[in-house]
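Notes for the one structure printed next.
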Amino acid sequence: MGNKQTTFTDEQLEAFQDCTFFTRKEILRLHGRYRELAPHLVPLDFTNRPDIRVPPTLIVSMPELKENPFRDRIVGTFSEDGLGNMSFNDFVDMFSAFCETSPRELKTVYAFKIYDFNRDSFICKEDLQKTLTKLTKGDLSPEEVSLVCDKSLEEADLDGDHKLSFSDFENMISKAPDFLSNFHIRI
Amino acid sequence: MSSEPQRPGSREVHDYTEEYGYHSDQRSLRRDPPRVSNQNQPQFDWISPHEEEDEEGSSGPPRDLRATPLPMALKRAIRQVQQMQVPVVSSRDSWKRKNAKSLRKLKDCGMGFLSFFSLWSKTLQKIGGNFGGGVQSYFLFLRFLVVLNFVSFLLIAGFVLVPSIVFRSVGAALVNSTGQEACMVYDPNPEGLVVFYNYFLDLLSGTGFMEYSYLFYGYYNNTMVEDKNISYNIPLAYLFTAVFYFVFCLICIIARMGTAARVVVATGSSTVGDYSMIVFTSWDYGCLGDRATKLKQKNIHYQLQVDLEEESIKKRAAALTLSQKIVLYSLRVSMCFVSYGLIIAAFYGIFAATEFSQVKSGQGGILGLFFEYLPSIVITAGNFVVPLLCDQIALIERYSPSTTVIVALLRAVFLRLVSLGVLLFTLWRQITCEGAENTGECKLCQYNHLLYPCWETRVGQEMYKLTLFDFLINIAVLVLVEFPRRMVVDNWSNKLSQWVGRQEFEVPANVLGLVYGQTVVWTGALFCPLLPLINTLKFILLFYFKKITLFHNCRPALKTFRSTTSTFFFLVVLLFGLGLGTVVMIYSLSEIRPSMGCGPFRFFPSMWSIVPTSFNNLSIITQDFLFFIGSQSFSIPLFALSCVVMCYVVALASVYGKSVALLRAQIKLEGRDKQFLVKQIEMLSRRQQILKQTAGASS
């Protein structure tokens, strides 16, 4: 099986395989990608668990994330300090949540966190407006933005508090047929 | 942070987010504890109620750990805890867990191995990333058809082609000649020297050296091989393979529809509209490249605008006065008639062209080739012109945009499939002398033996020509229209070229082309056994050509095509095509007399009649068993049982629907309860504060 790699101990690879949806080969490949971002910062040898964090500006320069309008929110959600400095654990976590085999429930949880800009665990109208503006890069007029946000809230808000809680969001996502295939980053 | 009360039995993910909902700070969303026990009390408590439900071993902790929304370090800590628990847990549980884990590893290995074999997966990923899910669904559909055709070819080769080749020179004729001498005249081989370019013409039209070959029905023999060990009845094999081929295709399509249908059913009866879904789920996170993302944004913008426009159209439609409504509806009805009139005119054109072509058959040279291909030319012209006109008509009808797309698609499907039906009907008319098999030229042999000494081969040739022509037209359009268009648009920058713009990849039109091609193959498979192989090659080449034109000539379409519901729609349309092929096959098997000069069914009154004949050769026990299965005492209980099963499934589905509605109402109630309790808490705390203040003031 080619056990010549010295990046991780076998025990570490087992742990990664149990905690993410990646295989051995893919984890080693991810390590290669992580190291590419900052070769002088990230060591080749992870066996003694170095505590390295790559700053967000380097992470969002990856081709998979570069053009994503929500890249800052994604990186912020998955990083431990909330500011975007990602350790390798966070890096693997992020791509595991976005991979093809990750289940719908997991993706829904993370989608909610990404769209919750002010992190109050509700998606209020301002969060929606920011989401929509990022989506359309200012192509819509402010009245249209407001109209679409009002309509979205009207459709999805079940408990009538004019903001989306996680259960409202989850209920709405379960009706969307394209969610699983769209919420997927190929790495 | 106070410790949360344990809530055994509630959903773990929901628990987790509820807890974070109450406890999250502004500073950081997650922390990285070195050990689990001291800092994050809620998470650690979260895992223990779940441990109590560990009776189901395989869906227990190892699987759930991957799907839990916790940071990696926490997951690893939990995993360590689980591993430390192994000696404490009973040996049976740990054995179950190890089993589940190794099974999962095996499954992952197996998936990895299979994905090695899946065709073109990297290409499809690239297409999906750059052009979106709609275009990718077209290519996925094409890949499905390639695999289906190839497997069907293997089936036919294994049961019909290879035995025919092997047993060509041995074997006895099944039934000796009993018919008229005149009916058995069939001489497909050309006489004497043939001009060189005739080979090329023959290749294109399936005549000459290609007619009397394994390609067509006429070459197969009416033999049955019986040896000491083996016996092989070629006609029976031919018949059963053809029938099984249709059944196999039906099963494959329905299996593939199953997954798509599940999504459609789950999202079908939704009261949630489009806006929230567009805002939250329309961005494709796998989108790569600067140009693709800009287009995706324009796409979303367009979608939202379309939805807003539909809203305003609905409002306007509701505000119409009665007289305006009457005008609109009468306009729609008249336009409907116009479009159906166009379609019927196209059908008449195909009918006339086919008759003319059959009358003029036998002419040589280029003109002869033109006459041979006349039906295909007229069908293709009709398929090209009529949908264009129908699109213009749909614009006049002023439906909402989504309805317009669906109406146009349905009309195009109708046109394509029924035009094929008209061609077949015309052929049938000539073969069976318009249905009256005992009159005129058909009196001698019950089919028109003067015009068609071997009518099955003739039908096979027509289908072969249709397939080939369809392929050539696709290539011609690519080379003569799309590449020049791109070169003109790129190199000439004036107003006209900007307005025309680059080609868009039209998914519905292309999918209909695929369905049409596959329907032709299904119709012709009985008469031209190698047609699935030809179609496999055609579709493989088409994949590469379409890929090239997509990447070089096309820009992503501004109008989207929902990928998941559209897959279901493609498969439904494919089923229509399969239905047409089945009707043709059943009719040919049972109603028309096989040719007496050629083929494995000569001298039989119908193709199906070989089954009763061979039936008598089976052993008595098998015969009795088959009679029993067909008898009433078996079929009636079977029918009753299937009714019971269906009732059960329908009841189950309605119960699920009701419980979904109940749960939705419960969510609403819980939300209101939450608000009420929060208000109560606020009131109580205010009262407490007031009491404290008054107590402090008074003391």
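Using the three backbone atoms N, Cα and C, a Cβ is placed for every residue, glycine included.
Nobody curates TrEMBL annotations by hand; they come from automatic prediction.
Record features (TrEMBL):
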COMPBIAS  B:9-34  compositional bias 'Basic and acidic residues'
DOMAIN    B:454-563  domain 'TMC'
REGION    B:1-66  region 'Disordered'
TRANSMEM  B:140-167  transmembrane segment
TRANSMEM  B:196-215  transmembrane segment
TRANSMEM  B:236-257  transmembrane segment
TRANSMEM  B:329-353  transmembrane segment
TRANSMEM  B:365-386  transmembrane segment
TRANSMEM  B:406-428  transmembrane segment
TRANSMEM  B:466-483  transmembrane segment
TRANSMEM  B:520-545  transmembrane segment
TRANSMEM  B:566-587  transmembrane segment
TRANSMEM  B:634-656  transmembrane segment
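Within the domain 'TMC' (B:454-563), the DSSP-based counts of helix, strand and coil residues read 85 helix, 4 strand, 21 coil. Most Cβ pairs within less than 8 Å of the transmembrane segment (B:329-353), among stretches B:236-257, B:406-428, B:520-545, belong to B:406-428. Between the transmembrane segment (B:140-167) and the transmembrane segment (B:466-483), the number of CB pairs under 8 angstroms, six or more residues apart, is fewer than three, so the stretches are not in contact. In this chain, the transmembrane segment (B:634-656) lies out of contact with the transmembrane segment (B:236-257); the count of Cβ pairs under 8 Å, excluding pairs fewer than 6 apart in sequence, is fewer than 3. Residues 161, 164-165, 188-190, 364-366, 368-369, 372-373, 457, 460-461, 464-465, 468, 528-530 of the same chain lie 6+ residues outside the transmembrane segment (B:196-215) yet bring a C-beta within less than 8 angstroms of a C-beta in it. Per-residue pLDDT, averaged over the domain 'TMC' (B:454-563), rounds to 84.
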